[in-house]
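S.K.: Below are the features listed in TrEMBL for this protein:
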TRANSMEM  B:21-42  transmembrane segment
DOMAIN    B:83-295  domain 'ABC transmembrane type-1'
TRANSMEM  B:87-108  transmembrane segment
TRANSMEM  B:120-141  transmembrane segment
TRANSMEM  B:167-190  transmembrane segment
TRANSMEM  B:272-295  transmembrane segment
Amino acid sequence: MTKGMTASARTAPARTPAPATPARGGRRRTRPGRLGLHAFLMTVSLAFLAPLLLAVYASLRPYEETAEHGYFSLPRHLSFDYYKQAFSDSGMSKYFVNSLIIAVPGVLLTLFFASFVAFAVSRLKMRGGLILLMVFTAGNLLPQQVIVTPLYVIFTKIDLPYWMSDSMTLYDSYWAVIAVQVAFQVGFCVFVLANFMRTLPLEILEAAVVDGAGVWTQYWRITLPLCRPALAALGTLQFTWMYNDFLWALVFVSDGDKLPITSALNNLRGQFFTDYNLLAAGSVIVALPTVLVFLILQRHFIAGLTLGASKG
Amino acid sequence: MPHTTARRARRRGPRKFSSRDLAVIGVLLGIPVLLDLTLIWGPTLASIGLSFTSWDGIGDIHWVGVDNYRTLFTDYPPFWPAARNNLLWLAFLGFVATPFGLLLAVLLDKGVRFSRFYQSTLYMPVVLSLAIVGFIAQLVFSRDQGVLNAIIGNTDDPVDWLGDPDLNIWVVLLAAAWRHTGYVMILYLAGLKSVDPSLKEAAALDGANERQTFFRVVLPTLRPVNVIVGVITVIEALRAFDIVYAINHGRNGLELLSVLVTDNIIGEASRIGFGSAIAVVLLTVSLGFIVTYLVQELRGEKKR
């Protein structure tokens, strides 16, 4: 049905804009059941959307108003004051930059390492490749809390020079968060990319080998360009995941100024009093980048998830 | 040399790499493997080791045998409620959210109009951080200003959805399911697309009705997706943390094993040995599922 998004999951290398043909199924048979089906789907969709709309709505209204009339009431004042407040008083822009400092290198490093491991596992016919694949995949499935304690201890014990970390340790530095993000997410990406690379024709690689291409050329010049759809999909997905992450920064960063935006959201909550409308504005600000990324790159996003599930 | 490598590349077996190749492989394979071993598997083993000690993070490490586990099971009040909540989480995602996601996928796969809109909407919550889900839940379920109480109209005797320890876990599960359903839906939707339509036609020719076709023919062919969805469901249930932490730091009815681990290490107590024991309980449960999954994968790999 909706062309492109799921189709790309199957035949990802097709970079051409999806043809406008309605896929199989189409809209034949208009049974009376259809109406009920639409009613059901519409109800569920609205129910799914409602909390988000509510958050936006609440963020536009002053606290006094919702305190008196509740969130489920007609608006009297609507303004962007809370957004201003979130940005100016709470420094959301600073935290947003922090998130990018973690997520951007995190995604790039993850994709780079994962793609090479996947290449080695799926293309170099190495002994132990399968075991390597299993080690990485299983590592990604471990609950984070299992590894959090020893990591915390290790990070506090590793000293870094001041120019790398103003806390002088790996603990309370971006290095720690990025390293853990990469180590953890490489597992997922290796799994997906290895499956994807297996679907690529071997002939191109063999031809390159005949021409005397080394491992690096085979990987960087020949295999990676063919993986662009998969990399785009994973990049989108990984960015969202790293941006959304909450736990790593919470545990490995103690300086409030270094927190990424998701963890910093708690700062909008007062010690004794919480202005939920401000919190709603903060939530909308935090959610906006991922929602935008999703809406714009939806096709990639969904392909990223389904590439892992339905093997090429 | 190029010719020989080309021929050998076809079948498995040791292949000669140039020294430059070996350097590239060594570095680019070495770094991620090292990262994975030192930051994932090493700490996993360390957690297991530390769980048998009474370490507080500073002093000497004392071996205490299974004391931590004994305390955990018999003398640590939050443990059983937390374990129960994790199980509830698993059951709710597994028996409510996952089937619901599957249902939505099946309905959307019928080729309804506006399916793109439905998909995007249903999937939207998945891109949100779980912490955000926790905050939004407070807007809906807050006792005094929440929308739900306003809709029900019980302003005289408002229900404290998030504060009542008998009730709040269900509310949180609903929020978690909100996010999980879309995830499952999209995975199944992709799986359903790949089902050979001739299978369905053959089943219809044999006189199977729609329901029989789905459960007897379509669902079994979705086995790989079923496995993935199962693993994701279990892992999500065991990892659950952000939502409850955003709501009330996982107290007062919202205890989870993951919260207990975090509390024990970053709290003032810094009971690292004890926290590790809780983590190992989590690990043991999840390893069961991870191993099952890997065995499945391995079988698929062999068939390839």
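Placement of Cβ uses the backbone N, Cα and C atoms for every residue, glycine included.
Where the annotation comes from TrEMBL, it is an automatic prediction and has not been curated.
Any idea what these are sitting next to in the structure?
M.R.: Residues 104, 147-148, 161-162, 171-172, 175-176, 178-179, 181-183, 185-186, 241-247 of the same chain sit 6 or more residues outside the transmembrane segment (B:120-141) yet have a Cβ under 8 Å from a Cβ within it.
Residues 85, 88-89, 92-93, 96-98, 100-102, 104-106, 108-109, 119, 122-126, 128, 130, 133-134, 136-137, 141, 159-161, 222, 225, 228-229, 232-233, 236, 240, 243-244, 247, 252-254 of the same chain lie 6 or more positions beyond the ends of the transmembrane segment (B:167-190) yet place their CB under 8 Å from a CB of it.
Within its own chain, the transmembrane segment (B:272-295) has Cβ neighbours under 8 Å at 44, 47-48, 50-57, 64, 68-69, 71-72, 79, 83, 227, 230-231, 234-235, 238, 257-258, 260-265, counting only residues six or more beyond its boundaries.
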S.K.: Are there residues at least 6 beyond the ends of the transmembrane segment (B:87-108) whose Cβ is under 8 Å from a Cβ of it, and what are they?
M.R.: 115, 118-119, 122, 169, 173, 176-177, 180-189, 191-192, 214, 229, 233-234, 236-238, 240, 256
